[in-house]
Amino acid sequence: MDMRSGDREFPNGDFYSGEVKGIIPNGKGKYAWSDGTIYEGDWDEGKISGKGKLIWSSGAKYEGDFSGGYLHGFGTMTSPDESVYSGAWRMNVRHGLGRKEYCNSDLYDGLWKEGLQDGRGSYSWTNGNRYIGNWKKGKMCERGVMRWENGDLYDGFWLNGFRHGSGVYKFADGCLYYGTWSRGLKDGKGVFYPAGTKQPSLKKWCRSLEYDDTGKFVLSRSASVNVEELRSLNTVTQSLSVKTSAGETTCDPPRDFTCHGPVSKSARFSGSGQSEGQDKNRIVYEREYMQGVLIRETIMSSVDRSHKIKPPNRPREVRARSLMTFLRGEHNYYLMLNLQLGIRYTVGKITPVPRREVRASDFGKNARTKMFFPRDGSNFTPPHKSVDFSWKDYCPMVFRNLRQMFKLDAAEYMMSICGDDGLTEISSPGKSGSIFYLSHDDRFVIKTLKKSELQVLLRMLPKYYEHVGDHENTLITKFFGVHRITLKWGKKVRFVVMGNMFCTELKIHRRYDLKGSTQGRFTEKIKIQEKTTLKDLDLAYEFHMDKLLREALFKQIYLDCSFLESLNIIDYSLLLGLHFRAPGQLNDILEPPNAMSDQESVSSVDVGLTQEHSIPPKGLLLVTHEPNSVNTAPGPHIRGSTLRAFSVGEQEVDLILPGTARLRVQLGVNMPAQAHHKLIEDKEESATIELFEVYDVVVYMGIIDILQEYNTKKKVEHTCKSLQYDPMTISVTEPSTYSKRFVNFLHKVFPEER
């Protein structure tokens, strides 16, 4: 069809002038809508495509690439407020590399995704502050560096616009703080180096932040950085009688985008007096914070500290063992890929099978599924990037029913473990040499098993299934799958998938592994890090609970211990996680309540550590359970009824954390208590100042390590150690004694109110 030029005026007042193909705009042309919007540029069979310029009646204008009626390619958009974006577009939204200068002269230069900052980018504020690092959905996330106009600098991790995770804060005057943050507030242990003291290498620290113990930091979704969600432009219609989308949809509404303010001076310095005779250049402070409140401080020598300091959250070294050595590096990567492939295959195969009650044959030796996964794929398996491997799945029907019993959706289970975000290797808290992996959403822990542990698990599985089915509140480890991978060079690796007892958005400040024995049950202070799992002799608290909550707890502990005793199991322990709540009246003194403020919101306050503090007010509140009001669900591996509390008229209860969440209280999950600090004589800790004696805590717990039988080897170990130590103090002992000692010890940890 011949090309020709012409003008055409439409009944609604629109006007077109330019080249046409038949009656359709094609080539160069200009279209004016009746409201004043004008496009001039290339057309392709009735669609705006190619190079062009679009000016909306609102005053917004775009000049650049179009495709199929969309802003698509590279172009520059000037909004009515004079903010300018120049960069990549995809389907009417900013997507790719781009630079935006805001109307107040703030500047962002970096990657965009679906209209929001996402990826690497730099944001400069007009007041001189600047952030360089990662972004996610318009907010500062993951690794990034913030430098304030006053010279302060923070290098570390972020989440939803907050300082969150490991980081180092360097003050303009030379002071330095290494530690962890939670939603913009210091939370957990850290080290403060006054100006002039010997400080660890900042360069080395920054490199170490590339490695994190969990690989992610998942807490509150609340954010303080509010970047507008851009509304997509409507497509430019093919019909010439309908106008192009209005330009105002591309303009940014007034921005509410502020940066973190520098840490207040009151948060830097201790108010405790220093002896004039002390060498201030040698003194550093090991501090512990709780939601921004300083609760504990230890004065140390920088010389003593220099060889101890390790960046928080860096995986600690584990002594080499055959399995650990084998699974280093490339082999470990292949192993994770194989595990994900195998679980995807297993769940996909068993899910369509109609649900039924398990039979004796479902536990037997023939209850195994085997499959070979060649690299190039087969009729039953997909091609993959790992090495050839063989997969064995144990008792698939049993574990399918267990997953359903704990209300785990098959698709969500696969996505948690087999999703694109993958698995994260975490350091082992024990001496077993096992390797632990954490799912990307923290819901599941995967642990390597010894052959003997696998055999114990399979033998106990029928009774375990019965016990878990009869007791919905059991504290015993939840097992969701047992698998074996045989790599092409013959190495066999066995895995068990378990529920993560600490799957919570609350920060776990303390972790304890409690057995009730005392011989060797302590942690050397030089080895204690932010996420170290402590032991019996390290526990300096006793926990006071509501009467009915405590009764429910010990009722289940008795049942679980009796079950383990009947199976001849020993060496199990109570894994205890504690979330401390900060004393509310100090939040405004020791740490700025709004860490996102552009300027310091707190003046310098001299806070003395030696002054007396009254018992803090309750940071927790039990209220009658309201299913529709609970905004944070318990971990996905938890089932059972909501607990009742004596203090609320024996009603089912929720736990309110003021300003944080309303949580459903279940056995071992979200259980409130008061932690009473016990005074312990310890010369090494004479420089430690404990600010409070009573804390509100949220308790998480479960019974773990239940795969050790009291066999001949353990009997010999008990006999030998009994010759050296008091038999009641050593961990290894016969099952009935172990059970009684374990329960008696927990009675001391959770004493009955008098």
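Placement of Cβ uses the backbone N, Cα and C atoms for every residue, glycine included.
Residues annotated as repeat 'MORN 1' in Swiss-Prot: 16-38.
According to Swiss-Prot, the repeat 'MORN 3' annotation covers 62-84. This prediction places the mean pLDDT of the repeat 'MORN 3' (62-84) at 94.
Taken from Swiss-Prot, the feature repeat 'MORN 5' applies to 108-130.
The repeat 'MORN 6' annotation in Swiss-Prot covers 131-153. Broken down by DSSP into helix, strand and coil, the repeat 'MORN 6' (131-153) contains 0 helix, 16 strand, 7 coil.
Among the features that Swiss-Prot reports, repeat 'MORN 7' is placed at 154-176.
Look at Swiss-Prot and you will find 177-198 tagged as repeat 'MORN 8'.
Summarising the annotation, Swiss-Prot assigns domain 'PIPK' to 329-750 and lists sequence analysis as the type of evidence.
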- prompt: Do you know the DSSP helix, strand and coil residue counts for the repeat 'MORN 8' (177-198)?
  reply: 0 helix, 14 strand, 8 coil
Query: Can you tell me how the residues of the repeat 'MORN 1' (16-38) break down into helix, strand and coil by DSSP?
result: 0 helix, 16 strand, 7 coil
Tally of residues which DSSP labels helix, strand or coil - the repeat 'MORN 5' (108-130): 0 helix, 16 strand, 7 coil
